[in-house]
């Protein structure tokens, strides 16, 4: 029961994280029209607000990865969700901080950085909790299922935005704050809802609880193989008023990130987990956060009256409605998550990541080649130069959606779980956080570079750059990623030797311990399994 609860909490946490990261895609377009007369008039401010959450996520992943190893995953996850709630609510009350209406993005940059610290911490914690709460033969499936909530969030964002725009109305262009912008404020504020729903609940840690075993051997609830004799067979020479001493099983000092990074045995593994995540997120978040830019170029239609006030792209059909376009792309990519769920424990993490990077490179290169064919050159900064037919637009939209499909049935799902399976319990969430932070560093680079690159080099060259990055990810995966399919995670052997007395929830039936030396246990591996029998 606790394992299922852990998975549900991790899944909802991941939904919250993905929603909060992606909702800015639609919101910055709405605010850009309302406060700037169009997103193109405040592109630098929009880029700052879009990337600040990713920068905060880097801090959160590094910090909460270590906190998860120190305080335990449950406490750390509660703290990170609390920060997500506060950041989302603060963003919903954004106002200009000066006489310049575009300064509203300064407010959003600050609040979304704080939000990013919270959502960033969810990545290493939810992946580690999901992996540690699963049996070996179902670990890949369960971790993939948790991560698939990102796909649900990607679909929810345009649907929620569309519903709110239909209900509250689209803010008028260049209204400069005369309207409240209730639609985008509610869209941002709803990012706090999953965290609020999770506040009464807490995961049960199956591994890597903090400090020493002695701190957790309270009230005689834990009996370890190495200290079973001391606990079960009292020494007549001992005073009845004195509790039996429990041997210290490992150090009480958590391994810091710098200490872990100095261990050469993990360098190759980090190249696979952190390096692959870094390269993948360059393309994934560069395209995700600037979907409106790509879609604008694909569906661009020159205005009959160039001097007319531009209308926000939130009405009409597929060719004119940004929410419909984003929802369609999310729908194309969504099956990739669930194909990963079905195939993760059959095909293996390494194979899925390899084929994902390969087909991403193929589709990005094909997109770039089609753009060149339709516009007659590489450098196309003006979307009016890109003139595909109606069938061509549909083909480009399908191919663009397929980049997300192979991302999801590929490195987007595997990079999430690989660190939790690769590293030992005492540094598992720390190095998971480091790997995720490297991913968000790549996401920050990709999102910061995507719009300038597409404006100056053109969409064809941008797609070809994405193809090249995908090929680099393919090579890194081939050289450094290990397939942990069917293998026990480090520390799982220790869990089988720990049993817990009944804790009032019907989950803690005692198992007969076997005599083994206490020295074989690490401080965190020894307490694994508390409350999760």
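Positions of Cβ are set from backbone N, Cα and C atoms, glycine also.
Check TrEMBL against the ranges 230-250, 293-313, 461-481 and you find transmembrane segment recorded for 461-481.
Among the ranges 79-98, 499-518, the one that TrEMBL lists as transmembrane segment is 79-98. Within the same chain, the transmembrane segment (266-286) stays apart from the transmembrane segment (145-164): fewer than three Cβ pairs sit under 8 Å, each pair at least 6 residues apart.
Here the transmembrane segment (184-201) sits apart from the transmembrane segment (391-410); fewer than 3 CB pairs are under 8 Å, leaving out pairs fewer than 6 apart in sequence. By number of Cβ pairs under 8 Å, the transmembrane segment (46-67) is matched best by 431-449 from the list 7-34, 324-344, 391-410, 431-449.
In the predicted structure, the domain 'Major facilitator superfamily (MFS) profile' (6-485) carries a mean pLDDT of 80.
Listed by sequence, the residues of this chain that lie at least six past the ends of the transmembrane segment (431-449) yet keep a Cβ under 8 A from its Cβ atoms are 47, 50-51, 54-55, 57-58, 61-66, 68, 120-121, 123-124, 127-128, 257, 260-261, 266, 270, 273-275, 277-287, 289-290, 415, 418-420, 422-423.
Beyond its flanks by at least six residues, the transmembrane segment (7-34) meets 40-42, 46, 49-50, 53-54, 57, 77, 81, 84, 87-88, 104-105, 108, 112, 115, 119, 122-123, 125-127, 129-130, 133-134, 142, 145-147, 149-150, 152-154, 156-158, 160-161, 165, 170-177, 179, 181, 183-184, 187-188, 190-191, 193-195, 197-198, 201-203, 288-292, 310, 312-314, 322-323, 326 of its own chain at Cβ-Cβ distances under 8 Å. With a threshold of 8 Å between CB atoms, the same-chain residues lying at least 6 positions outside the transmembrane segment (104-125) that come near it are 10, 13-14, 16-17, 20-21, 24, 28, 31, 35, 42, 45-46, 48-49, 52-61, 63-65, 67-68, 73, 76-77, 79-88, 90-91, 94-98, 177, 191, 416, 419-420, 429-430, 432-433, 435-437, 439-440.
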